[in-house]
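Here TrEMBL flags 29-121, 122-236, 237-345, 359-473, 474-579, 579-686, 687-804, 806-922, 924-1045 as domain 'Cadherin'. Residues annotated as signal peptide in TrEMBL: 1-18. According to TrEMBL, the transmembrane segment annotation covers 1146-1170.
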Amino acid sequence: MALRSLMLLPFLLTTVSGNTAPFFNMTIVHVPEDLELGHQAFQLTAIDLDGDPLTYGIDGAESFYFSVDAQTGNVTLKNSLDREAQAKLTVTVTVSDGKNEAVSRKLTVIVDDRNDNAPVFQHLPYEAIIPEDTQPNSIIYTVFANDSDTGNASKVSYSIEEVIPDNAKNHWLFYILPNGSVVLNGSLDYASNTFYQLKIIAKDGGGLLHNVLTFQQSSTYLSLTIRDLPNLDPRFLNEPYSGSVPENCALGTTVLTVTAMDRDTGVNDEISYSITNASVTFTINTTTGTITVSGPLDREELPSEEVLLEVTAREKHLDIHGRVAQASTLVTVVVTDVNDNKPEFYHCSLPDCDFSTDAQNSFRGSIIEHSSSRLPVSDLNIVTHDPDKGTNSNYELYLQGPNASAFTVSPTKITGTGEVQILVQDPSAVDYEISHFMVVQIVANDTGNPADCCSTATVTIDLIDSNDHTPEFPQSTYSLSVKENSPDGTVIAPNITAYDPDSGVLGQITYQLLPESICEIFMVNATTGAVLVRNGSLLDRETRSIYYANLRAKDGGNLVGTTVLEITVLDENDMTPIVIGSYFISVEEGQNVSTQIQAIDNDEPDNPNSELGYRILPGPFSNNFTINANTGEMHSKEPLDREAVEDEWGQMVVTVEVYDHGVPQLSTLVNVTITVGDVNDNAPVFLNQSYEFSVLEDSPGTFVGEVEATDADRTEINSRISFQLQRGSGSSNFLIRSSYLASGYYSGQLSVDPDVSLDYDTLQPKFFSLVVLAENTAANNVGDTANVSVVVHILDVNDEPPTILPASLQDVHVSENGTQQGLIRTLVASDPDTNHSVVFEELAVACFKGASSAGDVCWDWFVLTPNGSVLVNSSNIDYELCDEVVLTLRAEDLYTEKDNRYSQNETLRILITDVNDNTPVFEPISETFVVVPEISPVDLQVATVTATDADSGPRGAITFSIASVVLVQDNGVSQPFENLFKVVTTTKDNSYIGSIQVASNLDGSLKGQYHVTVEARDGEEPVHVAQTVLTIFTVDQSYRVRLQFVTTVDEVQSNLNDIKVALTSATKAGVYVVTIQSLENTRASQVEAKSVMEAYFVYSNGTALEVNQLTVLIQSDPLVLAELVKLGLAVIGPGEVVKPTRETELIAIIGGLAAFLLIFILIMTLVLVLTTRSYKRKLSAMKALKVATTLSPVTAQQGAGIPGTNQYNAEGANPMLNLSLDPSHDLGFHEDSLSMASVNSLDENTVNAADDENLKAKQGNVQMTGPSDEEALVATLNLKEPTKTAYINTTFTTTDL
């Protein structure tokens, strides 16, 4: 190795040329994870400057996923991918041109996500216990589901699909927020439901799966247990309560037990009982609710035998409102009677007795001697009373004492209270002449109370004297006579007298006729006893021929004597004949009739006054009959016809006169009624030939109409008509009922069967043809029926909801910016009802932009009129704010009579059509683009632009083009070019990317910068155009550096990363490898195999290093130089390496030492110069630092660097150009080695900066940075410590060549 180090210097100018190896310009590819096996995953593409045929290969631990076509480079999928298991794969791809060693490099395969995973609920199971007083709108639980996909496919939304118990109220009791929080939407009631189970759906935002927009979802259940709270009052069980207890019972006697329960069953609080009545002789156990007697009970002392107790049940703890939870009930206690009282006597009259006063035991009354049996003693007013109840108040009454046999007591048995009378039992014993008064004792005996059974009252009865003799007539019977119709006052007998031995007033007699009814006809002189006619018109022998009367004689003591008067009435012709019986004859029509009139005359028999004759008086039917004048026999002249008789009962009335032969002649009329029986000889007849009715649909039991029929038969039995429906189509839907209107006149009332509901909408045809039969129910032969046709039309009832036709709900397209006005859609609804009036109603408006809600920006863009017209209501419709409007609407039938009047809620989607009203907008460019013409083949990307257009579809589709290309050379001369660059348009994330590519070979000799004007044009009229100017710095071939290695190509390629790290550490520039190839020497005896690497060293501002500058920078860092020599670097620049022979080694050593001394002197001189310049730069940096502490970073001088000059900007410049610097700028070189970030557009590879302290650490920790990372000056201005930085070239890849 030391020898090689010595040999490096003599051969710096050696040059090598030959065939170049192919190289890849790709480092990353993307493959979707749902790619099917056998389909193309990506395409390997390599570039061979020599145009050799290439062979491709793929290798590595993760290459088993893929297989490659060696000839085409087409890579297909061999094993299934799963981004969630492994999102990035690293494979080694190789390419060979058959002439050079195969080139390999690492290729990163990014597995793109697809929506192949459904959301997964975390932390299952979901269970919660919530109190029943949870306030509405409270969050009661939060669920979380994770979706391992990315993007929209990982965004999870939640919904509640089902609530158990399942009913309409429970479904709206909960809702869920977008973050998974379940919110209570109403009030809970433990008594109604103690448990809910919510089925929750987690749905992702959707994404592509096998190129189809797919939404994944999963479900789980949230179990909610409702915790009961004390919010209800207790409740008594088994109400009402009633019980009984006997009076005089022992204290503590149990009456009954009341029971109350806490209606908050989940709490079940302890309950205590109390009686809230004041002054009651009962108490209650506070714990058990048992009611007992607490004081003496006397039913007779209570206001009522029923005692009402108010019992209150209280819960031990207050309810959730801080109130006492209690309930009250009434308990009825009946105090039953005990026989503990005897009957007592009171001097009063019912109902005015006051039994609270003291009882009496002495009474006094009076009675006339010899009074009749059962006559009561006067002036007593005795009442007995037993305060017990029911059978306990039963008692007996009887008399005792010396005169008890002359009287009796009434009643002998009493229950409770009763009036008592003393009645005469033996009138003969009641004699004033024997004793002026009599004494008895009344005993009231309560047989049910032997201990204290009886009460006794003494009654003194005063006797009153009476008249002892009655008047007497000489005869017991007197026979008298008088003519009927005698005038009033006619004397029948002049005097009839009686005798009374009593004297004085008691012996004075007055006369009277008895009974009182006889006095209407006859009268007597009260003093003389003469009998006279009072009313002669009442004397009728035929009515009564003899009268009997009592003539009573009464003395002054009201004693009477009687005799019988027999008065005979003598006859006169004053009686009309009397017809015996009534004459009602029934006969069937078509038959003859005969009868005999029987009559008598009550005048005296066997004289003209009682001799009778007969004749028929003129009348409607007198010509139909004849009668015998002496015998009264009557016959019909011909057979009778019932239908000829107009009378509804079929009666023929003939008046017959019966007369006597007395003077004056008297007669009597009698009606002979002949009822002609009807024979059923007529069939029913309908009044109309047909009938037509109508009835509303869905009206079970409704009356439809009435048919009428008559029968000429005149009797009800023969003219009775019944109706029925003849079996046929539709007859089972109706019923018919017969009704009587008049004799022989009936109606049939047709109605819908109560169990049938007719539906107009399903009925075809809309009517029923029925046949109604009228049958004579008394008919004996089959033919006595009639039929009639009845048509029943079914009328429509507005009972069907309207339906919005789907055709009118198809999507509507409306252009933005008010370019479309007025009517955009007419909604059409159908209603099967014949009579309807449908209007439309808008329920809600939802605005969307893509799949996301756009808020309420579109709420007034459209209006729905009642007639279904959807109108544009705004000129501010903006597609960029909202591209979809969803109207939720429904139809209403204003004429609905029953059931639902609304249609189902429908949605009308209005799609806003984009109008090309936006100009493409270029995104700001923060990159510096550099092109190396020599290694820039056709189609090489050298720069990119990005533009967006807010319009959609073809209107927002951007096409890039090159408007102009101008090269501004270093000398300021501008030179236009055509077809030098081209642009390829691609899309990414709603942005359009213009890839600026080389269109033709670039001239590597030109120096300067290309000003490329890129034009962005959208895709629809009116076309909008935007332009931007890109500056692409060109690095000419003069900056190409040749590095020779004594190692083989394979060794150089395997150590390439370490070589580039070392070179970058020394130069702080991006390393762009052009080629690595082997060198062959024809002098085989002296030359060994060696390789050469050609590269450019370019800074991010477009400046590059020349070979001399590179040599100085490497040699100025001994550590880097040692590392590069270790890696095989022999020569920087043209020259060759020759393996020395023994003869030449000594010469080489001597020459080398001489050269070394010369070079050492040069190097020391150079080091002295560089040290001076470095010191100047540090002074400048210190000045810049001092200035930076007073300036903000935004005030730092900015500007693009110009290749080939020493113009210095904030991103750094070529440190080899030793020109004076602005004090506010710093080269960025520090003693601790600051890493530089390259944003050169030529490279996409990653270069790791070596650790300055230890170059042997091959993979030092580095920090990946992008083009926006700040370099030396900005770092200084921001007072940041220098960091290790990765260098990424986003355009051109050379690192794997």
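Using the three backbone atoms N, Cα and C, a Cβ is placed for every residue, glycine included.
The predicted model assigns the domain 'Cadherin' (924-1045) a mean pLDDT of 86. In terms of DSSP secondary structure, the domain 'Cadherin' (687-804) contains 7 helix, 60 strand, 51 coil. DSSP states for the domain 'Cadherin' (924-1045), grouped as helix (H, G, I), strand (E, B) and coil, give 10 helix, 68 strand, 44 coil.
Taking DSSP states H, G and I as helix and E and B as strand, the domain 'Cadherin' (237-345) has 3 helix, 52 strand, 54 coil. When the domain 'Cadherin' (29-121) is classified with DSSP, helix, strand and coil residues number 3 helix, 43 strand, 47 coil. Residue counts of the domain 'Cadherin' (122-236) by helix, strand and coil are 8 helix, 57 strand, 50 coil (DSSP-based).
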